[in-house]
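> Here it is, the structure in full.
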Amino acid sequence: MKRFVYINDDESSQELYCDNRISNRKYTVLNFLPKNLWEQFSRFMNQYFLLIACLQLWSLITPVNPASTWGPLIFIFAVSASKEAWDDYNRYLSDKKANEKHIWVVRQGIRKHIQAQDIHVGNIVWLRENDEVPCDLVLIGTSDTQGLCYVETAALDGETDLKTRVIPSACMGMDFELLHKIKGVIECPNPDKDIRRFDANLRLFPPFIDNDLCPLTIKNTLLQSCYLRNTEWACGVAVYTGNETKLGMSRGIPEPKLTAMDAMIDKLTGAIFVFQIVVVMVLGIAGNVWKDTEARKQWYVLYPIEGPWYELLVIPLRFELLCSIMIPISIKVSLDLVKSLYAKFIDWDSEMIDQDTGIPSHATNTAISEDLGQVEYILTDKTGTLTENRMIFRRCCISGIFYGNESGDALKDVKLLNAVAGSSPDVVRFLTVMAICNTVIPIKSKTGAILYKAQSQDEDALVNAAARLHMVYVNKNANILEIRFNGSVIQYEVLETLEFTSDRKRMSVVVKDCQNGKIVLLSKGADEAILPYAYAGQQTRALVEAVEQYAQLGLRTLCLAWRELKEDEYQEWSLMFKEASSTLVDREWRIAEVCQRLEHDFEVLGVTAIEDRLQDGVPETIETLRKAGINFWMLTGDKQNTAIQIALSCNFISPEPKGQLLLIDGKTEGEVCRSLERVLLTMRITSSEPKDVAFVVDGWALEIALKHYRKAFTELAILSRTAICCRVTPSQKAQLVELLKSCDYRTLAIGDGGNDVRMIQQADIGVGISGREGLQAARAADYSIGKFRFLKRLILVHGRYSYNRTAFLSQYSFYKSLVICFIQIFFSFISGVSGTSLFNSVSLMAYNVFYTSVPVLVSVLDKDLSEGTVMQHPQILVYCQAGRLLNPSTFAGWFGRSLFHLIVAAGMGPVLALKYFRYTYRPSKINALQQAERMGGPILSLGNIEPQPRLMEKEVSPLSITQPKNRNPVYEPLLSDSPNSTRRSFGSGAPFDFFQSQSRLSSSYSRNCKDN
């Protein structure tokens, strides 16, 4: 499907397409109440509480005043509705501000000032410098003589660098006044949300141009919410308006992520509901039997001899209402409120502010903080995430000669400087490719210095390095490039630009030397995208060695090449390229196919090596999190050796002999199968040894493994704690996250660029780094941080505290409801099993609101261990990862505690109380750390708490503690390691010594459930 936009023709488009009114509102004044109530009552728990509240209106069966249920129910619904109404009102104000902004448009040849909401498809919109783009426009004119303008796209994709946009070739040189009268048609696809693609065609009507078809790309557009910068004015044709813009199409509410703790709470709620039904049935039958056998004999009961037909339902329904408080009505609201507070704690953490940029951490998703404490796998990007993404040109190899190996800086290598001074042909061609095979725009500052606007850090490093070697990219005027080399000026005309794609892994430009008229193809790209396409007979061994050597040093490599084209060859290819560029269907694939016809028989000129330094604190962060039982996978688009060297330098993997790297490679199914079997066999053998084993796989082999050998690769993923995946695409990153999630692991994905967004959104927890590639990853993530090192504090401190607090709060909410319910049930046995309430309605409401609310308020701020102790002993995170604080076993402990307190309240059995205490408490490592903190005694050592595999030969024995004989051990609930556990003091004295458990974990491969 496609649409036709008629330029400057109001009547043709006004009726077909929507206006530019933006609406992000979820409700209207009329539908708010019914729609919001429908959404709230779509949840099972709300339906259940509404049923209970309605039953309480039946005076015959209600044991308490209906207000005791209706009051809290209405309050909770009112709070939720008020929050939704407030959020929607803020959206309305934001929409109103955008819609009423005044914009200049051209209608019937006259410029008019109108509101942004009145713009229609086909209108010509005029913008001035620093104006916000009100809708999606096709650029047709600018104040720049070259037809360029600069836009800031931070609001769209988070990238802070200015982007260049250019008017179509059909509009080049058009007079200012002529733009008011321009007529034509734009053939474009229906609205979509892909902000990196716009495949369309422009045809201007005579007398402007004789129906010549002009292809349009995303570089010819100005998208909504971008800002015009460094350009006096620009104008464009509105093609998408209102909620049909690319930004409007990409808006929407993301799918809510369900945490492991929420899933467990839902299961426990279901179990309590089943238990409640059983209790109601048993007591209902018992009540009816007692009524028929004993109650009618008692003169004071006054039961009628014959009751109505529904008499048998009265007592069971009474007990249903009496036991309905087993499921706390306030648990969801309470959890939502405290989770919002946990998110605010992250926002307010001054220790997670990047001092270099002033960027604080931010929690976008307020509902999953406790999942941070249960992370088992971290999948991380490399460039910009582990490294600074600050590229520095270090070394190069030109025609087999190495530069920069001795000094570590090719720009200071005397041999290279002499070659540049002597105008060595090989060096000149190499520097020419460095200088102009890119999309960089040179800009002269007021002082006369030349600044470069580059869309990638690699291109910026190459162009600046070429300038320091006297190959200075001076100016770009339309398609004419000016290069200044050793005092002489060289001009090239850019004929075509073959942009970089992740499939081709290279970019090329076709240029014409204005001095001699020669047409040359200049290319740069990854070694596997350049070296195999060298002309027959070229010796590339030295270049291959250079690539390997630079990769061993952890440097990023690019190969540079060129090829001289014949005039007829270029003309024939140009027709095919123009045809492919004009198609609206599969344009990207067709262009790639045409590019392949030209990009071959290269003369490979050399190799560049660029350094990307590690961020501060990365090795320490990875080492600490690995001690916490978290596994790491590196997913990068870099070549294998570079990724391995970075992994070694940041403690991602261990060097020989402590560590071992296993390689999965191959280009065919058979090769990959054999390689995968070999690695899997080795992994099974060595999994029982204390050796750090990791596997390495490239994108090609990974694609085959995921498609044809998914089961074997899944087994390998489970057995391996570390993996390095090289040359992977954004879609493969997301597939690997999905693979680990399918194995029931909690995954965290972290990245900094747009190519990491799919991986971040696919993971259970997405973390974006606000880096040099912009904010796109940070905006798509659940959490954003300034540097990778803050991940340690995010997980160990905020994640663990959130998990502990939520585990306590959720189980305590059930506990306090069960206690009061059990007391009511106990009372029923001495009140004729009649379903009568022991407490009046006011007491029940006060019990929930006042008497039992203090632990809820205190638990939000509770810290079982200090932050310093948690960071010093990351092994204790295993308790959270294994779900040791919230599971059926711990819930059974709280259930038993509620029964025990019923017994105590009834004054029955101190012996039973002591017996319960004896068999439900045992020493705990966390408990011992708490005692050490309280006493201030030094902790000599803390043995590693190994991450418990899903299948174990036997349970790991408790950690032994050396202590004086006359002191009692410290106890903590066996079924709940909660921060509010009963503790006994050691008293003052000796330091603590911890010893690692001798139990060895099973190495057998199998899916297993978490140890409870």
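Using the three backbone atoms N, Cα and C, a Cβ is placed for every residue, glycine included.
Because TrEMBL annotations are produced automatically, they should be read as predictions rather than curated entries.
Annotated domain 'P-type ATPase N-terminal' per TrEMBL: 5-70, in sequence order. Feature annotation from TrEMBL assigns transmembrane segment to 44-61, 268-290, 818-839, 894-917. The domain 'P-type ATPase A' feature in TrEMBL is assigned to 100-162. The Mg(2+) binding site annotation in TrEMBL covers Asp381, Thr383, Asp752, Asp756. Marked as ATP binding site by TrEMBL: Asp381, Lys382, Thr383, Glu459, Phe500, Lys524, Arg556, Thr636, Gly637, Asp638, Arg727, Lys733, Asn755, Asp756. Residues or ranges marked as domain 'P-type ATPase C-terminal' by TrEMBL: 778-905. For 956-989, the entry in TrEMBL reads region 'Disordered'.
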> Do you know the DSSP helix, strand and coil residue counts for the domain 'P-type ATPase C-terminal' (778-905)?
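Across the domain 'P-type ATPase C-terminal' (778-905), DSSP assigns the residues as follows: 92 helix, 3 strand, 33 coil.
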> Can you grab the distance from Asp381 (Mg(2+) binding site) over to Gly637 (ATP binding site)? Cα atoms, rounded to a whole Å.
9
> Nearest by CA distance to Asp756 (Mg(2+) binding site): which of the binding-site residues is it, out of Phe500, Arg556, Gly637, Arg727?
Gly637
> Quick one: pull the CA-CA distance for Asp752 (Mg(2+) binding site) versus Arg727 (ATP binding site), whole Å only.
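Asp752 (Mg(2+) binding site) to Arg727 (ATP binding site), Cα-Cα distance: 17 Å.
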> How many Å lie between the Cα of Gly637 (ATP binding site) and the Cα of Thr383 (Mg(2+) binding site)?
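With the alpha carbons as reference points, the distance is 9 Å.
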> For the binding-site residues listed here (Thr383, Asn755), tell me which residue's CB has the most neighbouring CB atoms inside 10 Å.
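Top count of Cβ atoms within 10 Å goes to Thr383.
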> Using a 10 Å radius around each Cβ and all protein chains in view, which of these binding-site residues has the most neighbours: Asp381, Gly637, Asp752?
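When each Cβ's neighbours within 10 Å are tallied, Asp752 tops the list.
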> Any same-chain residues 6+ apart from Arg556 (ATP binding site) with CB under 8 Å of its CB? Would you list them in sequence order, or say none?
Thr383, Met391, Asp458, Ala609, Ile610, Glu611, Asp612, Asp638, Thr642
> If you count Cβ atoms within 10 Å of the Cβ of Asp756 (Mg(2+) binding site), leaving out that atom itself, what do you get?
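There are 31 such Cβ atoms around Asp756 (Mg(2+) binding site).
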> When a 10 Å sphere is centred on the Cβ of Phe500 (ATP binding site), how many other Cβ atoms does it contain?
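Taking every protein chain into account, the count is 19.
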> Any same-chain residues 6+ apart from Arg727 (ATP binding site) with CB under 8 Å of its CB? Would you list them in sequence order, or say none?
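When sequence neighbours closer than 6 are ignored, Arg727 (ATP binding site) has Ala526, Glu528, Gly637, Asp638, Lys639, Gln640, Asp698, Gly699, Trp700 within Cβ distance under 8 Å.
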